[in-house]
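**Q** Pasting in a structure now, in structure tokens, and then I'll have a few things to ask.
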């Protein structure tokens, strides 16, 4: 058998596993795995540095299937190269409930899945974070420990999505030359030929964004290998446009959108078996080909062992630090550091915006935790995301800790997910809360994957003032709270900000969003508490003088309004307690007794939040009083806006009294 | 005074009005108006076809300030050219509550504001819709009635946002050669020099996307004029990269990010007055310059009068149709057409997916309403957005009615907003509900502006099956309902789908999202009702046999589950009613008596929706039973998933009975 024959048969193994699995599931996307099988075969047999038996090896190359609908490509590769949890039974259970072989690759379901993909463009967006993470860790730990590539397979959809431009512009700017993107250039999207909707010269586009880019025959193994070799020598990221035939081998559907997203059918598959000379029953890979694949899967063992040798010989302190960071553990003493800082705050009682409180907390955190990587989507001075420790990362220096992501909220969030998935770093990035909408698809994936992605969202209400309703979040707290497994923090002062940051850093399986004010707020936590009270999600901040007639729940900037309303009500003889609610999600996780005690039995319940009511009923009941927004904001000064929208201590106190007197 | 002196002084009028207004407001962005004043002056005095006294003239050129933070540029132009509602008092009230001169340009606040901008990239995204709308209307009504340009001023932020790539790729593909974008290429963004975050060759990038593009001196009036003239001759859209100095004229801050987003201060402004030779007090424009501007504002009167002459002479039927479409009125008899169709449905009782129901409704609507323009973000066959009347629009034929938007949900939504703002067309576009996240920033702006944008969102729950949690919306209904002024429809069968479509088309000031199933649903509305019951938002679909012990609220695909649960409960002797809730927002607008009657007094209230609970408490109370999702979905068949997540008639009936027996 010639080398080319061997290659073809190895690639065909991917093709038939994919066809057969989609056929058995009666659902799925055979076209991409069939079209991209040659690219994947060359990459996995000749270049990719990995060891299926040590899938979490820190210095492995990462392979990201951005075109996640082609999941059978990845599952086939994992099975063929010998990942232990990717059995042929899993392949046969493709898309069935409880299998590791979900419709799209789900991070955490099977080893070898580096990130969850399917929503188009996200894997490409992640890859910038993976590749940047590699460079950051390389700068910290050297070539001996960190020196790997990030490979991406992207489809037409990935490149049409806007996030792709944010990703490639950022990668080009940062000269992430160990990032290599294969574009499966098959001219077909779901609706038909790509020419229905696109005429972009993608090679020229990538070049305009600072990439090395070329067009090759995606079915020619030597052309693919040569392109990868050239990419390894480039000082820029590389895009290899691989001209392929979708559904390669399918006699009537190849090259058409009929190969894209549905089973080919028995007849078409039989035709493909004939055309490609594959005389084996479904799910059977001939022994010589499976052997060849398994050998390819073991080709990385030497490199991994050599790396382990280098790690063993490394300076003990360096090694321990590397291993700590890759485990995702915070440095010992983190709790005490935060506690010390909280003591200082209790003494100082600073009256600052929570965006400033956040910066102050970060100044402490970044001084103690060397792996935090800050950044902002061009709002550094507004988001207060930069501290004395975080200098700019750029193409000439990856050893620093701050990323100017540009005006690219979506690309930033996807890169943050990639950074945290890479490991060794804890990324956070800022924008205005209103523009969480731009980043939302990536924020959702952070939640679905359970990554420690941290989003710093300032200017969190009408309190931002004159920029007006386009910039004033109204529905965003509710909309973010709606995402499962996403902690939305809204601290009320510097102490709560410190506590929320602590929780965000300690939250390894749930991403966090911190909603922070532009405007100054008084300290509401005036006494030191060793415990992280924000960890309860909601807690009694001020007790009532006597049996509570009124409980006021509030978050963030509205907590001081709640306290002022309490003063007014108590002055009028109505005992009133105030509950601060920095995080709905954590409160919902408390036991029933704590929740009942915290909500309490006061006859009048009020919530104050400068957003919409949605989500508040579960605390105050449907008869509870809500002081907040019912529609969009307006352009005006903060002094005008809060009274204009009726979000004042007076309004709250009056509403409570009206209810008490009813 | 030379022509150049005259130009400079006219441009300086913009600069000083902007500086002075920002200074008085003590808030705002002086840098862009100062930097782009030359571009705007050339455009408005030599090219733009408009008449400030007839600001809604259908054939006017559109000017879109995509870099909306530079709002004082637009307000200055509106004042200088003589828009009646843009008085000097409004300029002096910049950013004050209630003024027409909000922080960012707000559509509807002042005439001459074609679209709300501020969230970056949105105006550029809208412009594709404006330019396409022009071509569509031109194809329908000819050069005599429709022949105008769309001009855009975009900043670095607009071009860094991913939506820009979606917009420019679509515009390039469609060869929208009457779209002309000025890029205010000032090298500065908020964080500092653009080089902190970007190295893109924008001219090359636009060329790669099929644009005519060139780089000019943005302070040279003749270069600007020549570039516009060249653009007018191009068969492609044109991007003119205008190299400018942000804060042009400010002695120490020009060319730096200190000119971008805050008042310059008295000293700097005094320095600018000196540097630019502007010896007038704040807000004063010398009479000769104001005269020159006002004359420029009247230059379009002749063209407008000529156009009116052509309109008057046009075929009466054509003219009436043109005017009807530009008024946004539906053709007479639309109600009766829908009623006839509903009669047919009541007889046929089709068991189809609501995405198919939607297509069936559209087949009727598109046959009767010639101005609907369909489309999808590459999911035509899945979204069922194409009907027999809608053939593909392409660069060689704008006379059709279907847009293949490509895999560009965000660009599609922004273009839809632009199409509806242009007028004369009613656009709708489809994607999967899960990917409403990608389109959300534009969907929010549709709500803020109050446009008749219609979003068709199929695959609206775990019911889509095997594609798994990346594609299964869980929080999206809640998240969309959270947006103010946005009707989220979730019809339960073909009749409700027809009613929801009717409501969406009739809703001129509120955008609509239709959430539609992939899976087939039984007809639940089996008798003809002349009235549009979905217009109530919620209504009793099935009464209880006797005094209701249980009320079940449900939407969309879960209504048939609710009816099955009702059967079970009634069989067990528990009178049960079912309320269908196709639209929360419309229900909330009903009077208190209707709402109370519809919610009813049954001791047990249940809601069934294959999404999260958030938002449902206001119907069922915090003690109500919710049958739905509490986290992300899973990959599996629909037959597996509904039972797996406990969303079944059995589960609902059992939960109700457990409560009744308590």
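The backbone N, Cα and C atoms fix where each Cβ goes, and this holds for glycine too.
Just so you know, TrEMBL annotations are computer predictions that nobody has curated.
Just lifted these from TrEMBL, have a look:
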SITE      B:29  site 'Important for catalytic activity'
BINDING   B:29, B:260, B:355, B:382, B:459, B:467, B:471, B:518  substrate binding site
BINDING   B:69, B:118, B:119, B:120, B:157, B:186, B:260, B:435  thiamine diphosphate binding site
BINDING   B:156, B:186, B:188  Mg(2+) binding site
SITE      B:260  site 'Important for catalytic activity'
DOMAIN    B:352-524  domain 'Transketolase-like pyrimidine-binding'
ACT_SITE  B:409  active site, proton donor
**Q** Taking only C-alpha atoms and a 10 A limit, tell me which of B:69, B:118, B:120, B:156, B:157, B:435 are near residue B:471 (substrate binding site). These are the binding-site residues.
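**A** Within 10 Å Cα-Cα: B:435.
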**Q** Tell me, what is the mean pLDDT of the domain 'Transketolase-like pyrimidine-binding' (B:352-524)?
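**A** Mean per-residue confidence for the domain 'Transketolase-like pyrimidine-binding' (B:352-524): 98 out of 100.
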**Q** Between the Cα atoms of residue B:435 (thiamine diphosphate binding site) and residue B:518 (substrate binding site), what distance do you get, rounded to the nearest Å?
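**A** Approximately 15 Å lies between the Cα of residue B:435 (thiamine diphosphate binding site) and that of residue B:518 (substrate binding site).
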**Q** Taking the residues B:29, B:260, B:355, B:382, B:459, B:467, B:471, B:518 listed for substrate, what is the greatest CA to CA distance in Å, to the nearest whole number?
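**A** Value for the max Cα separation, rounded to a whole number: 48 Å.
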**Q** With CB distance below 8 Å as the criterion, list the recorded positions among B:29, B:186, B:188, B:355, B:459, B:518 that sit near chain A.
**A** none
**Q** About how far apart, in whole Å, are the alpha carbons (Cα) of residue B:355 (substrate binding site) and residue B:119 (thiamine diphosphate binding site)?
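**A** Taking the Cα atoms only, residue B:355 (substrate binding site) lies 31 Å from residue B:119 (thiamine diphosphate binding site).
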**Q** Hey, of the binding-site residues listed (B:260, B:355), which one tops the CB count within 10 A?
**A** B:355
**Q** Could you give the maximum C-alpha to C-alpha distance in Å for the residues B:69, B:118, B:119, B:120, B:157, B:186, B:260, B:435 that bind thiamine diphosphate per the record?
**A** 34
**Q** I'd like to know which of the binding-site residues B:156, B:459, B:518 sit within 10 A of residue B:186 (thiamine diphosphate binding site) at the Cα level.
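**A** Candidates kept after distance check: B:156.
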**Q** Excluding B:156, B:186, B:188 themselves, which residues in that chain have a Cβ inside 8 Å of the centre of the Cβ atoms defining the Mg(2+) site?
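**A** Once B:156, B:186, B:188 are set aside, the remaining close residues are B:35, B:155, B:184, B:185, B:187, B:189, B:194, B:244, B:246, B:260.
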**Q** What's the CA to CA span in angstrom from residue B:467 (substrate binding site) over to residue B:409 (active site, proton donor)?
**A** 19
**Q** Reduced to three states, what secondary structure does DSSP give residue B:157 (thiamine diphosphate binding site)?
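**A** SS state of residue B:157 (thiamine diphosphate binding site) = helix.
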**Q** Which number gives the other C-beta atoms within 10 angstroms of the C-beta of residue B:120 (thiamine diphosphate binding site), all protein chains shown included?
**A** 30
**Q** Between C-alpha atoms, which of these recorded positions comes nearest to residue B:382 (substrate binding site): B:119, B:157, B:409?
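**A** Sorting the recorded positions by distance from residue B:382 (substrate binding site), the top entry is B:409.
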**Q** Who sits close to the residue listed as 'active site, proton donor': which same-chain residues at least 6 apart have their Cβ under 8 Å from its Cβ?
**A** B:377, B:431, B:435, B:436, B:438, B:439
**Q** Identify, among the binding-site residues B:186, B:382, the residue whose Cβ has the fewest other Cβ atoms within 10 Å in this structure.
**A** B:382
**Q** Could you say which of the recorded positions B:29, B:471 has its Cβ with the most other Cβ atoms inside 10 Å?
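**A** Most Cβ neighbours within 10 Å: B:29.
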**Q** Rounded to a whole number, how many Å is the Cα of residue B:118 (thiamine diphosphate binding site) away from the Cα of residue B:459 (substrate binding site)?
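**A** That comes out at 32 Å between the alpha carbons.
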**Q** Pop the Cα-Cα gap between residue B:69 (thiamine diphosphate binding site) and residue B:188 (Mg(2+) binding site) into the table, whole Å please.
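**A** With the alpha carbons as reference points, the distance is 14 Å.
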